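Structure below; questions to follow.
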Amino acid sequence: MSRIESLTRARIDRSKEQATKTREKEKMKEAKDARYTNGHLFTTISVSGMTMCYACNKSITAKEALICPTCNVTIHNRCKDTLANCTKVKQKQQKAALLRNNTALQSVSLRSKTTTRERPTSAIYPSDSFRQSLLGSRRGLSSLSLAKSVSTTNIAGHFNDESPLGLRQILSQSTDSLNMRNRTLSVESLIDEGVEVFYNELMSDFEMDEKDFEADSWSLAVDSSFLQQHKKEVMKKQDVIYELIQTELHHVRTLKIMTRLFRTGMLEELQMEPEVVQGLFPCVDELSDIHTRFLNQLLERRRQALCPGSTRNFVIHRLGDLLISQFSGSNAEQMRKTYSEFCSRHTKALKLYKELYARDKRFQQFIRKMTRSAVLKRHGVQECILLVTQRITKYPVLINRILQNSHGVEEEYQDLASALGLVKELLSNVDQDVHELEKEARLQEIYNRMDPRAQTPVPGKGPFGRDELLRRKLIHEGCLLWKTATGRFKDVLLLLMTDVLVFLQEKDQKYIFTSLDKPSVVSLQNLIVRDIANQAKGMFLISSGPPEMYEVHAASRDDRTTWIRVIQQSVRLCPSREDFPLIETEDKAYLRRIKTKLQQKNQALVELLQKNVELFAEMVHFQALKAGFVGMPPPALPRGLFRLESFESLRGERLLKDALREVEGLKDLLLGPCVDLPMTSREPALPLDSDSGSCPGVTANGEARTFNGSIELCRADSDSSQKDRNGNQLRSPQEEVLQPLINLYGLLHGLQAVVVQQERLMEALFPEGPERWEKLSRANSRDGEAGRAAVASVTPEKQATELALLQRQHTLLQEELRRCQRLGEERATEAGSLEARLRESEQARALLEREAEEIRRQLAALGQNEPLPAEAPWARRPLDPRRRSLPAGDALYLSFNPPQPSRGHDRLDLPVTVRSLHRPFDDREAQELGSPEDRLQDSSDPDTGSEEEVSSRLSPPHSPRDFTRMQDIPEETESRDGEPTASES
């Protein structure tokens, strides 16, 4: 056993030693790799917190850092891979290469370490295009060969064909060693020696303006004597205007740096992909054009405001018109589109820049050398992107400050106020567009991360796939906790979309639909959101189809409040299922896309027609000016013809009437108001002139007189000026014709747009219209036989379609007939029931009349002191149907007994319950009315009066409320003094 233990112990020791040696080798290898990186000989040193890293320009907070004694560079340990090659090692390699060729090329001057680096012109500017642009393309190997030939001439002078071949080979090798170096070295030298020159060339258009705006404010830019002539309010206003122009100039400079320095260098010098560069600098060309045009307008206004004989002193009194022009109309729409695109991609651009800077050494050194120049100080890529993003937010502040100091001129104040409103509206629209674009990008990101096969069943609708997400807009999204039926919480990603709520889970870095006990897609139709009373972060989602209740919890109380608010807003704006189905099939999606494209094409066609009208008006106006009508104003273009959103745009009848009215006006101008145009089926014949016997504007041979390709309008004595009775200058016939002609042209094109829109609408509504396709095939066929063949080919299909339509109509008519028959039967049954009810009511009426007659006889007998029968006929009176329907008084009504006459008394006694209730009333009534005999003697018509009085006294209460009050009163069994009860009598 001791031997086995010793062998085991020895084996363990050997494994430990081997592991220790392996770790030491790995450490030595890592140290060696760390020491020799890109030619640097790094050593580990201890530094203080104030030492800056050469690679990332950040302080070195770690205790240990790396330093290269060759080039004296101190960096982080993690930044060693991003550092460029060691410059000293490069210089040694270059010097060794030159020394090897020194025996064959004595004219080559060596570079020393202490002297300034000098390179041949071809090495600095390797191509002709780069002489014009600092960062031009090298054009591959052809540029290298060109650089090689030029450098050969520069180094060795002029050699003829008789020069030794070996010498030419040595020259070739030496020039190759100069030109085929690392590309990064070329970039360094190019940028070091040409950034300032190229920047000056770039800003040459605004060189004088930059000098004029070098001062910090207008008060410092103008002369002191000129400054003292103005009030304090004027000085403040001019300072703000000066700041506006100065910052606009700086903004244009920033855009030019982005476009002409950074972007051009990345494309041509670094040979980066255009898509990558476009991702870094989106829409910079459009932004540069917009702000350059605005800056030129501001500078022109400044030049107009200069004092005579001075290039510095100026006072700008009017600026509101320029601001309104810049922030309204097409300019505002262009700014909205470009800034929305740029600001929405701002985050992606910065992320892409950081990724490129971290992984690409050439890109890193390019940026570092570019920003090292004095002219590009504080103008790196990140700073430029941020400055462009923030520029549009500066306009409201500047215009508001100008407005506060412009109380003198009312018109200028109104213009500035309008401009301020336009700028705020533009900024709000840009914010909204940026928010929508960010939501679209986020939705696309979620869509890309979802499993392509992910689906979830929707009860009664079918499977809901990830393609359904792209049909909708993302309104809000966030991570929530879903409480399951078992009481456990699940992390879910909740998407609030146009008409649904979608629950997603993350699995293997992909999103899938939640597979829990409830559907993961909830419709917003009739959705109810309620917060949980005892929980600050929880809320209930109660859906109606299918009826389910979800309990979810947000991260905080504010987050829950935000969710409740946006969900309630979305529920109110949720579209109906007829307009927006929950799940769309492929056919419906295809039709929807086709309809969307059709609408876009219609819009493009309408815009082309509108542009056509504008060009026609411009052409006619130019011809009129060329004909000698110098003072003629440009004609007014017809507005509202091509606006698809207006209700009047689709009124073709109105357009036709307007066009006919314009034609009538032209006829009156050309032929006179008393001449009527005969309307024929083919060609309208013009009436003959009474003097010449020919048509106006028509020669003897029937040809129209033309001038410069247009019909010559007849005018009377055009040379002499025409005036009215008041001496006012009259408009010539050409001027009178010009505006109606423009109106007619615009109306006809508007009518064409209406026809196109209506045809597209009919195609969308009735895709199977055979007659229309037949007409179109006839109209579009160039050959008659081909047209007839097309019609013949469509005939069977037409017949089949017509047969199907007739069958469908027959089926619909049969269904309508059956429905009418059922309706007639129902009406007959209802009429029979009404007749039965009428007969019953007549029988009840006859019975009531007989009872009333019997009561009259009894009352007459009562008046003669005749005793009533024990059972009066009206005691057997059936219950009134209306009384049966009373819910609370049925029992009381059934227990009601009519009064019985008591012998020996001159009054009627009521039952106990009713007497006790109406006792005060009975006493008062007895005193007023007296005995029945007195009433019979005083009454002229005993039947009529007694019946009404007795019925009013003896009838039961008229409403359920009276019965309720009667039931609430306890029954009294005591009778009055000297009055026997009903039972005793």
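Cβ atoms here come from the backbone N, Cα and C positions, even for glycine.
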Quick one: which of SER15, SER330, SER777, SER781 has phosphoserine in Swiss-Prot?
SER781
Here are some residues: SER732, SER931. Which is flagged as phosphoserine in Swiss-Prot?
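The residue tagged phosphoserine by Swiss-Prot is SER931.
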With Swiss-Prot open, pick whichever of SER59, SER151, SER224, SER523 is annotated phosphoserine.
SER151
If Swiss-Prot marks one of SER902, SER940, SER975 as phosphoserine, which residue does it mark?
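Candidates were SER902, SER940, SER975; Swiss-Prot attaches phosphoserine to SER940.
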Of the residues SER112, SER718, SER951, give the one that Swiss-Prot describes as phosphoserine.
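In Swiss-Prot, SER951 carries the phosphoserine label; others show none in the record.
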Which of the three DSSP states, helix, strand or coil, fits LYS354 (N6-acetyllysine)?
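SS state of LYS354 (N6-acetyllysine) = helix.
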On the DSSP side of things, how many residues of the domain 'PH' (473-572) fall into helix, strand and coil, could you say?
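Tallied per class, the domain 'PH' (473-572) gives 16 helix, 52 strand, 32 coil.
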Let me check the 10 A CB neighbour count of LYS354 (N6-acetyllysine). How many other CB atoms are there?
12
